[in-house]
Amino acid sequence: MNSNKELMQRRSQAIPRGVGQIHPIFADRAENCRVWDVEGREYLDFAGGIAVLNTGHLHPKVVAAVEAQLKKLSHTCFQVLAYEPYLELCEIMNQKVPGDFAKKTLLVTTGSEAVENAVKIARAATKRSGTIAFSGAYHGRTHYTLALTGKVNPYSAGMGLMPGHVYRALYPCPLHGISEDDAIASIHRIFKNDAAPEDIAAIVIEPVQGEGGFYASSPAFMQRLRALCDEHGIMLIADEVQSGAGRTGTLFAMEQMGVAPDLTTFAKSIAGGFPLAGVTGRAEVMDAVAPGGLGGTYAGNPIACVAALEVLKVFEQENLLQKANDLGQKLKDGLLAIAEKHPEIGDVRGLGAMIAIELFEDGDHNKPDAKLTAEIVARARDKGLILLSCGPYYNVLRILVPLTIEDAQIRQGLEIISQCFDEAKQ
């Protein structure tokens, strides 16, 4: 049997250091909210492969659907020989993505591809080249999505300048002194100083920032952004790669914002652990790209498509949207109880089950505590709980449990978090 230490040594020789690894363990098998490493140790998984496992590890209905598809067809490339699961999934997404208008859907493989294609479609539809993204944003690791991403280190450090015609607005974050008025004013400054509105093809926004710290836009801000886009003929792109697929208590977070985007990207949990992503948008906008301008060899792979179709059925059969809201409330209640004993927890927040806590030195919001955050992650792992951090200051703990988690596992995870804070304080 290989140990984690031995595998980590082999990893350093075989895999470039640019591929980070948060936890120095190697997973061997998993079930719902539990993971076992190669040494047989069991962990509670509160990371979900970075928001990919809303239906848990290896949901039996998803596994059964995938096994059945594997016996029929694994790949043809949809642009060469089409297959029904791709078409069926697109038809369903056209109905489920927010917006009371005709829609079409493109399937790809990764969230980065989805965002990049959304911008490409917006540029084709508007005949413009500029894009506005936000501070703290994370949109992917391809060259263009790195330009959209509002954090240089570690994502694009040492790579030189990214593609141009990307402009940075402020994401509203009252906790850190950025009001909604500040955010809107920053867009108007772009229009005045950097790029005229008639040169902007799209504004790309995460309704709840993922890597940026789980800060959620308010419906009021999103409505102001929608009005601004309408005024200037700009496409509004909602990046729901992390917030979508039911994480926030609705299938898409934009359903809670009171307005619809022109284009929506999705990925991560949509296929229960299989690589699938997509863009859904206004039909006439999606048709702006000429034949041959969209697609990819593996885009919308049939195995991933049937997995996604089954995931959507599981959401309905197991009432997972309501469970996301119930689960989120249980997590927030438990974390708020911990925060009462630990003033270093300066904020507990989240939509649905997309929950985060933010840590500060002595509760001072001007002193983000990245060191304590990293310590809590490490202590939790030692106690059998997998957590992730995020945020521009590396001081946010995010919780991305499966929506299928058992109540006893929630209590166990919260107890471990509480113990970690108690011990770190000693």
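Just so you know, glycine gets a Cβ as well, placed from its N, Cα and C.
Taking Lys104, Lys268, Lys313 one by one, Swiss-Prot attaches N6-(pyridoxal phosphate)lysine to Lys268.
Per Swiss-Prot, the candidate among Gln69, Gln223, Gln242, Gln256 that belongs to the pyridoxal 5'-phosphate site alongside Gly111, Ser112, Thr297 is Gln242. The Cβ of Gly111 (pyridoxal 5'-phosphate binding site) has His139, Gly140, Asp239, Val241, Gln242, Thr265, Ala267, Lys268, Ala277 as same-chain neighbours under 8 Å, each 6 or more residues away in sequence.
Listed in sequence order, the residues of the same chain lying 6 or more apart from Ser112 (pyridoxal 5'-phosphate binding site) and placing their CB within less than 8 Å of its CB are His139, Gly140, Arg141, Thr142, Thr145. Annotation for Thr297 (pyridoxal 5'-phosphate binding site): same-chain Cβ neighbours under 8 Å, separated by at least 6 residues, are Cys77.
Residue density at Gln242 (pyridoxal 5'-phosphate binding site): 30 other Cβ atoms are found within 10 A of its Cβ, drawing on all protein chains shown.
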